[in-house]
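Since the structure comes first, as structure tokens, the remarks are kept for the end.
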Amino acid sequence: MSEPVLVLNTGSSSIKYELINPRTRARSARGLVERIGQERGRLTHRAGDGPPYVREQPFPDHGEGLAAVLAAFSSAGPELDPVAVGHRVVHGGTRFGDAVLVDDEVIAAIEELAPLAPLHNPVNLTGIRLAQKVFPEVPQVAVFDTAFHRTLPPEAYTYAVPREWGVRRFGFHGTSCAYVSRRAAALLGRDDPNLIVLHLGNGAGATAVEGGRSVDTSMGLTPLEGLVMGTRSGDVDPALAGYLARAEGLDAEQVEHALSHRGGLLALAGSSDMREVRARSGDDDARLALAVYTRRIRKYVGAYYALLGRVDAVVFTGGVGENDPATRAESLTGLTRLGITLDPARNEAASHEERAVSPDGAEVAVLVIPTDEEGEIAHQTLALVTAS
Ligand SMILES: Nc1ncnc2c1ncn2[C@@H]1O[C@H](COP(=O)(O)OP(=O)(O)O)[C@@H](O)[C@H]1O
Ligand SMILES: CC(=O)OP(=O)(O)O
Ligand SMILES: [Mg+2]
């Protein structure tokens, strides 16, 4: 029996979607709406093995992007008849752990958490509301990025700030971390390995996984802290906000917006896209950007090695982690004494498969595992809908 689940991963300027059979993980359709809110948007829809259905036009907001997705299914198929819709929701706060069925109360809670993930939660809600309208009889399920990090111990999630602020570290990309951690365990043939997971996409984070559980992670209260990202600065001196207020007259919102949208690779190299930055690695700005990007990763690898004491594998995932051998090599240089080395030929071989890129018998395996956030969301969605 085919039981397709529609998965919506609504990002700050994009919508990724897939129609998946969660049991076989077979996709009958997948697509992407890019550059929402910009002058030139694009929708690419793939159904089966045929040529993609492409629309180049502006998509002023996520609502219009989603309407175009529905139109793509009508024009290019397949029939869009999901048994459930699974939504990626970035911030679940302390309220949400496992996936939940969406009702009015859940929507209100996701909305309340929006100030902690202003780039993500509001557009996640746009997806939920539209799907409710289009599929009123179909259960909607929210799967939270923060869920996998519920196991952080207090000493990892506590900031040394006044308690009455009620703030803490949450961590993100948990669905990706959970999936690649499970796959790493299978590849290593160990039940509950110790891992350093490096999810390097547009957003990027490092996570220390001990015995299969997240015990520390680089993203914090919001998805701005930690590694250098496409447009996000990652770690900076918190006094920067006060300095910019005094020196430039920026208010808190302007500082946060700049650190989120004008930071990272974009600030240093003029592009948030790693492929473009790599293509210009002859120029000084791009070289510095790459050095800052990979040095930050190396610092987190060292820190998490120290926390874990024993590491079975370093796992690379996300668009950069999966596809950029130079980032993997530069991030792990000088770590031979920790037992972390790469096999250059394995590292450089292009592949979309799960694989080890360290030498056979290495003390610490280095793995590349393509993430599957959508497959994981579909799986959790069907499990919840079937159980309820
Ligand atoms: N072959 C490649 N070499 C280097 N970087 C790549 C390659 N393919 C994709 N990337 C980079 O991956 C990043 C996007 O990662 P992805 O995980 O798809 O993003 P998102 O967080 O939006 O899901 C971009 O910076 C892109 O340049
Ligand atoms: C949480 C986060 O950073 O997500 P993304 O990588 O999709 O921006
Ligand atoms: Mg991502």
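In case you wondered, yes, glycine gets a Cβ from its N, Cα and C as well.
TrEMBL annotations: computationally assigned, not manually curated.
TrEMBL has this to say about the protein:
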type: BINDING; residues: LYS16, HIS199, LEU200, GLY201, ASN202, GLY203, ASP273, MET274, ARG275, GLY319, VAL320, GLY321, GLU322, ASN323; note: ATP binding site
type: BINDING; residues: ARG88; note: substrate binding site
type: ACT_SITE; residues: ASP145; note: active site, proton donor/acceptor
type: SITE; residues: HIS173; note: site 'Transition state stabilizer'
type: SITE; residues: ARG232; note: site 'Transition state stabilizer'
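This view paints the features noted in TrEMBL onto the structure.
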| residue | record | Cβ contacts under 8 Å, 6 or more apart |
| --- | --- | --- |
| LYS16 | ATP binding site | LEU8, ASN9, ARG30, GLY31, LEU32, GLU374 |
| ARG88 | substrate binding site | VAL7, LEU8, ASN9, THR10, ASN124, VAL143, ASP145, THR175, GLU373, ILE377 |
| HIS173 | site 'Transition state stabilizer' | ASP145, HIS199, GLY201, GLY203, GLY205, THR207, MET219, GLY318 |
| LEU200 | ATP binding site | LEU227, ILE297, PHE316, THR317, GLY318, GLY319, VAL320, GLY321, ASP324, THR327 |
| ASN202 | ATP binding site | GLY11, MET229, GLY230, THR231, SER272, GLY319 |
| ARG232 | site 'Transition state stabilizer' | GLY203, PRO223, LEU224, LEU259, SER260, HIS261, GLY263, GLY264 |
| ASP273 | ATP binding site | GLY230, LEU265 |
| ARG275 | ATP binding site | none |
Listed in sequence order, residues with CB under 8 A of GLU322 (ATP binding site) and six or more positions away: PHE316, HIS352, VAL368, ILE369, PRO370, THR371
Recorded positions near ligand 2 among LYS16, LEU200, ARG232 (Cβ under 6 Å): none
Residues among the recorded positions ASP145, LEU200, ASN202, ASP273, ARG275, VAL320 that border ligand 1 - Cβ under 6 angstroms, in sequence order: ASN202, ASP273, ARG275, VAL320
Three-state secondary structure, ASN202 (ATP binding site) (per DSSP): coil
Per DSSP, three-state class assigned to ARG275 (ATP binding site): helix
Count of other CB atoms lying within 10 Å of the CB belonging to ASP145 (active site, proton donor/acceptor): 27
